[in-house]
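Heads up: the structure comes next, in structure tokens.
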Amino acid sequence: MARYIFITGGVVSSLGKGLASAALGALLQARGYKVRLRKLDPYLNLDPGTMSPYQHGEVFVTDDGAETDLDLGHYERFTGRPATRQDNITTGRIYQDILTKERRGDYLGATIQVIPHVTNAIKDFILDGNDGYDFVLCEIGGTVGDIEGLPFFEAIRQIKNDLPRGHAVYVHLTLLPFIPSAGELKTKPTQHSVKELRSIGIQPDILLCRTDRTIPAEERRKLGLFCNVRESAVIEARDADNIYAVPEVYHAAGLDDEVLAAFGLEAPAPDLRSWHEINARVHNPEGQVTIAIVGKYTGMKDAYKSLIEALSHGGIANKVKVKLDWIESEVFENEDAAPFLEHVDGILVPGGFGQRGAEGKIKAAQFARERHVPYFGICFGMQMAVIEAARNLVGIPSANSTEFGPTSEPLVGLMTEWLRGNELEKRSRAGDLGGTMRLGAYPAALKRGSRVSGIYGGALEISERHRHRYEVNTAYKDRLEQHGLRFSGLSPDGVLPEIVEYEDHPWFIGVQYHPELKSRPFEPHPLFASFIQAAVVQSRLV
């Protein structure tokens, strides 16, 4: 029977509960346990798919097509276990399910209430499908005291009572702020956070205290006394210089030992050699490359979380440090791109939606093509590269995307149908935004002898995760290929372009999918490893 670890947060938001959950999962996995990580989000949206990147950050897409919280990306990268739509739930989805059942008459006329109906739905979600796992780690979004989180806290309170003794542990992540004028760490915010938790019936077993310095023995004793936990269960969560150092930092602080002690379990010491190797490469690079990310949400780095990590993985694979130069694509829409891009070793244009900044991305693709600078276009970045080729190579000055409005030359258009397996999926042009994209893992057939096939080890078919409504128009394929832009990857039915590349360019690849979603520190995605390798070569030429 699985044991459950509930991770909650207090004092302030954005403390890193997702990263802490992922690191703890990795430590338990390194001890030989099988783990599952899940995220419970208290907001009323059905999923983050239609939420602004500036508010929510990245939407992480799973193989089965779920649009989920970015923390699931941390879970996958740290444990290697692919997440599914069953690993993320929101209040919106829970209410939708309950109201659907109510309309159907499933509740037989009962009055629908938060307790027991909402809390039971949350409990059912948490407990479902966990056979075969030793530990299930559940992160509760938000902070203790948030009104929307109360049903989730009540549900996990009940679960501990429902399970056999010793099968649930509460870990509370909190902040110990340092006050320079007083010269000391302050424990009072944590005491109040735990007091709030205890007022709703939850006594944390372990305090994971974020801090930038050592916790003095007196403060540790005070936290243990007033928060009603053992002093050994007050874990010092020191800031780390990179996220892949967190598992080793938390192990050194005793987090995994204390979790196992709370369950009354003993286990072999964790095998952290692979994590040690990753950190050795991060701390001892043999060079550095500069990559320009020409995006439209650069003011919110969390909008590109998986992309940042995938580039880091490419650097790890090549034993180099990857320096990121964030460039808002609007800045050179009406200017020459060269002054902004001449110093970089590679250009990456990521995904995005809408017309804002599109012309700047097209200019970035043109600069990379003409100057022979490595270029990686992802999703929207591929589409803009194709439009650039149509305008400046094929001679179609009005080439554009129908996403931006009516155009006489629709190089990129809205997909209204596509295949998933043997079934045809369709969408109305007037449909809602939510859930209307081509989402999840789809296969792509690669051309034999193409650069991209070589990067994938000679593979002729791959599977990658997608998130897009618009697609390059194959009606222009022959004309583009006549001018050197090769369509080296298509959907198996030959209808949807998946990959384009220039044969006479050091490294210029555009992909319609999101390879960053499948990159891991121990298994860097081959496209990112190859892109950074090309940037290393470019750095020696500049």
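For all residues, glycine too, the Cβ spot is worked out from N, Cα and C.
Swiss-Prot lists Ser14, Leu15, Gly16, Lys17, Gly18, Leu19, Arg238, Asp239, Ala240 as binding ATP, and of Asp69, Asp71, Asp302 the one it places in that same site is Asp71. Between the candidates Lys39, Lys160, Lys222, Swiss-Prot assigns the UTP site shared with Ser13, Lys186, Thr187, Lys188, Pro189, Thr190, Gln191 to Lys222. The record assigns Ser14, Leu15, Gly16, Lys17, Gly18, Leu19, Asp71, Arg238, Asp239, Ala240 to the ATP site; their largest pairwise CA distance measures 20 Å. The 10 Å shell around the Cβ of Ser13 (CTP binding site) contains 11 further Cβ atoms across the protein chains shown.
Asp71 (ATP binding site) sits 27 Å from Thr187 (UTP binding site), taking the C-alpha atoms as the reference points.
Among the binding-site residues Ser13, Gly352, Glu403, Arg469, the residue whose Cα lies closest in space to that of Gln191 (UTP binding site) is Ser13. Of the candidate recorded positions, Glu403, His514, Glu516, the one lying closest to Thr187 (UTP binding site) when CA atoms are compared is Glu516. The binding residues for L-glutamine are recorded as Tyr54, Gly352, Phe380, Gly381, Met382, Gln383, Glu403, Arg469; their greatest pairwise CA distance is 23 Å.
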